[in-house]
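Visitor: In case it helps, TrEMBL gives these features for our protein:
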| type | residues | note |
| --- | --- | --- |
| ACT_SITE | Cys431 | active site, proton donor |
| COMPBIAS | 47-58 | compositional bias 'Low complexity' |
| COMPBIAS | 62-75 | compositional bias 'Basic and acidic residues' |
| DOMAIN | 122-353 | domain 'Orn/DAP/Arg decarboxylase 2 N-terminal' |
| MOD_RES | Lys145 | N6-(pyridoxal phosphate)lysine |
| REGION | 45-75 | region 'Disordered' |
Amino acid sequence: MYLHWFLYKASGITYFFTSSLTSYYSNITNTIIITMSTKRSADETTDATTDVVDQQQTNGSDDSHKKQKSEVARTSSKLEKLAQVKKDLDVKEWSSNVTLEELLTSLLDKSERDAFFVADIATIIKQYQKWIKHLPHVTPYYAVKCNPTQGVLKVLEALGTSFDCASRNEIETVLNLGVDPSRIIYANPCKQISALKFARLHNVKMMTFDNVSELEKIEKFFPEAELVLRIAPDDSKSLMRFGTKFGVHIDDCSDLLEMAKEMNLKVVGVSFHVGSGCFDASAYDAALEMVKSVFDMAKTHGMTLNLVDIGGGFTGSDDVMFGKFTDAIRNKTKELFAPDVRIIAEPGRYFAAMSHVLAVTVISKRIIKQEDNRQHPRRTSNNLRQYNYYLADGVYGSFNNIQFDHAKPTPCLLKPSHKQPTPCTLFGPTCDSIDVIARDTQIPELKIGDWLYFKDMGAYTMASASSFNGFVPPPIYYYCSEIDTSDL
Ligand SMILES: Cc1ncc(COP(=O)(O)O)c(C=O)c1O
């Protein structure tokens with residue numbers, strides 16, 4: 001086991017870092033260079049691990065050796081791919097001796113911008129390891145919409161995850177990574193005809209549907225598609241509820257299945273999404289019971305379903321909650337479905353949320369006016385001033401998660417301060433007054449040029465950022481903190 005870890009570390013190479021991200025990120029190129037000692041190449045790694053297994057093969061049964069050998073081959077192929085991704089993205093090593101604040105501080109001079117992201121790809125790898133440990137029987141199809149940057153996509157591709165795409169563009173982006181079309185689910189129940197044609201052209205067969213007109217469209221433009229019926233579960237235990245927009249009511253499933261059969265369309269399974277930001281494991285229990293009843297309905301129509309798609313909604317940061325979700329899913333899927341039924345999921349924030357930290361500078365500051373409209377400071381009851389701070393990124397940019405994702409980003413000071421916290425409001429840089437990041441919060445007094453940082457900014461942030469007022473989304477600098485990859 002530790003051999004792999006050693007080999008992985010040993011296969012370190014000079015890392016270059018070039019981010020070419022989708023949409024707004026396509027024009028941003030970061031070049032930060034770090035060097036690591038080149039002890040062995042990735043190719044050598046494969047040979048070495050294979051040798052070890054060959055030696056061991058003399059001692060045990062053929063079957064277990066074959067299995068072991070293929071696991072080792074899989075692991076070393078993942079490590080090789082990760083090594084390549086690190087090269088492509090110019091990922092720099094992040095030593096455990098360096099704190100987050102020290103790392104961010106080291107970038108201040110190098111970054112010509114007033115805001116930037118640091119992405120730690122080890123965080124994504126660790127989430128993958130946790131997934132495999134808790135849900136080994138559930139194949140993750142990463143929800144690209146959550147964070148479509150090249151960094152996240154390439155790391156997940158190297159790890160062997162599949163992908164949930166919602167549009168032609170997302171499908172194209174994922175195919176361009178070299179992903180086989182069988183590793184994509186087109187998981188938007190309402191698809192554009194042009195995108196359906198594109199999916200057919202590229203053999204992206206698996207797709208969700210939840211209504212009659214979608215069936216008619218698919219019959220006409222992609223009759224060989226493999227369909228997954230999206231049902232509407234109880235989504236009351238999630239922050240973002242999708243039930244009013246997507247998913248067929250359980251009472252209408254039978255009719256839809258029958259229609260699909262009459263159209264000679266192939267329905268392979270059932271999907272649901274408990275809603276994004278789910279906070280109650282029982283939501284998965286109830287949804288899986290619904291899926292089972294649709295499987296039974298399908299049988300009465302002479303159809304055999306063999307796929308369950310449990311959607312997204314998984315928390316990234318709360319291990320206790322994730323443990324509860326995964327316990328529920330493991331037990332329920334085992335109880336309800338035969339072992340040959342494929343279980344897949346569409347996690348988004350689970351992989352992306354914790355991987356990015358956003359650093360932002362104070363670009364302007366105002367002592368808030370008294371009612372007489374003069375510019376001198378107002379004193380609060382405990383005799384403190386109040387300030388407005390204007391930051392280099394706001395709700396039209398990375399902080400759109402406040403509007404769209406119910407996020408409440410917590411500001412952290414990059415430089416510790418001994419000053420007493422004072423009441424303040426944090427605004428974004430645009431001319432719009434709704435551009436507010438945090439209202440009536442408490443921070444020790446800041447001056448222009450000071451930096452704040454915000455953790456857990458990887459999900460639904462840059463994915464939907466605009467360049468309103470000409471403020472372009474911040475660049476991303478990639479790092480890899482220390483990680484044990486022996487169980488990949
Ligand atoms: C169809 C579908 N799958 C997966 C996801 C990802 O959800 P999450 O980020 O909560 O895991 C979403 C989010 O909107 C979605 O709409």
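One-based numbering along the chain as shown.
Glycine residues also receive a Cβ, built from the backbone N, Cα and C atoms like all the rest.
For each listed feature, how buried is it and what is near it?
Guide: In the three-state DSSP assignment, the secondary structure recorded for Cys431 (active site, proton donor) is coil. Around the Cβ of Cys431 (active site, proton donor), the number of neighbouring Cβ atoms within 10 Å comes to 8.
Helix, strand and coil counts from DSSP across the compositional bias 'Basic and acidic residues' (62-75) read 14 helix, 0 strand, 0 coil.
For Lys145 (N6-(pyridoxal phosphate)lysine), the count of additional Cβ atoms within 10 Å of its Cβ stands at 20 [all protein chains shown].
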Visitor: Provide, as an integer number of angstrom, the distance between the C-alpha atoms of Lys145 (N6-(pyridoxal phosphate)lysine) and Cys431 (active site, proton donor).
Guide: 28
Visitor: Suppose you look only at the domain 'Orn/DAP/Arg decarboxylase 2 N-terminal' (122-353); what would the mean pLDDT be?
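Guide: So the average pLDDT across the domain 'Orn/DAP/Arg decarboxylase 2 N-terminal' (122-353) works out to 95.
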